[in-house]
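Note sheet for the following structure.
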Amino acid sequence: LMLDYIHLIAGLAGGFVSTIVVHPLDLLKIRHAVNEKYSGLRPALNSYLHSACSIFRERSFIGFYQGITPNLIGSTLAWGLYFAQYNWFKDFLRQWFQQENLSAWHALIAGIYAGNVTLLLTNPVWVAKTRLCLQYENQPRQYRGMIDVLVKLYRMDGIRGLYKGYLPGIIGTSHGAIQFMAYDELKKHFGSHEAKAIEHLTFAVLSKSFAVLSTYPYQVIRARLQDQHLKYNGIMDAVGRTWRNEWLYGFYKGLLPSLLRVTPATCITFFVYEEVSKYLTALQSERNDTCWILTKISHCLHVIVHASLKSFRSKF
């Protein structure tokens, strides 16, 4: 049980740190993913540089952190839950099949399970994040913050509104499953006994890049279904209209900032996860006191989260 807490806390730490660093690139990715110039419902974006300059001109540096609150909460929780569920399910499979070394297929199944559990718990946060990121600088604001988004969505569409994009999100759990499977396989076949930081970083980049190229189109469709500016009649309508108006290119819009974002984000997340996990495991061995460890870590997380949210509260 303690091992699950270690994976949970290490994942929370990795998700928190990486989100703070790379949120501006995530903002650009979302805006370009939903940028269909034929609709005229939002400002046309000619390039990533044009988008960045427009944001900076209207709101200065703080504009790049539009939608940071739900992203910070969602990413932190998602990574913590994913790491914990993924490792728990792998332990379950080891006991079920009575074998220590799992195959790539076992890792893929564990990843799909972890992704579905995580998505079920965090999808409303991702909807709120998308809505806030798509409040453009030169247009009236529809939402005051994450809670305002969630309340208005629930009043307008009920639970269904909070779970917009959930179905393609389920399909998209294959992304995390592929990434974690590839990461584990790289560690198994090419990792040394005393893993170094450079190994974690290299394996993280390779596995994430492979997963992104394999599953990126679903992210575009999911973002468009969650967008408040244009209405689609389901997944097939979004896919059909994207193909008719933008061809294959439409399914890979925002890929460049996504790759630029996920490379450092994945490096940061997995590096922090591995280091925190190693530290907590050693701490557990030395102290052998679960309550003491959890108390100290909970206090540190509370201080970090409180300070971060306080700094953004006045603006978001």
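We count from 1, first residue shown onward.
Using N, Cα and C of the backbone, Cβ positions are placed for all residues, glycine too.
Copied over from TrEMBL, here are the features:
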- 2-92: repeat 'Solcar' (REPEAT)
- 102-189: repeat 'Solcar' (REPEAT)
- 195-279: repeat 'Solcar' (REPEAT)
- 6-28: transmembrane segment (TRANSMEM)
- 64-84: transmembrane segment (TRANSMEM)
- 104-122: transmembrane segment (TRANSMEM)
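Across the repeat 'Solcar' (195-279), the DSSP tally of helix, strand and coil residues reads 71 helix, 0 strand, 14 coil. Within the model, the repeat 'Solcar' (102-189) shows a mean pLDDT value of 86, rounded to a whole number. Using DSSP to sort the residues of the repeat 'Solcar' (2-92) gives these counts of helix, strand and coil: 75 helix, 0 strand, 16 coil.
Within the repeat 'Solcar' (102-189), the DSSP-based counts of helix, strand and coil residues read 70 helix, 0 strand, 18 coil.
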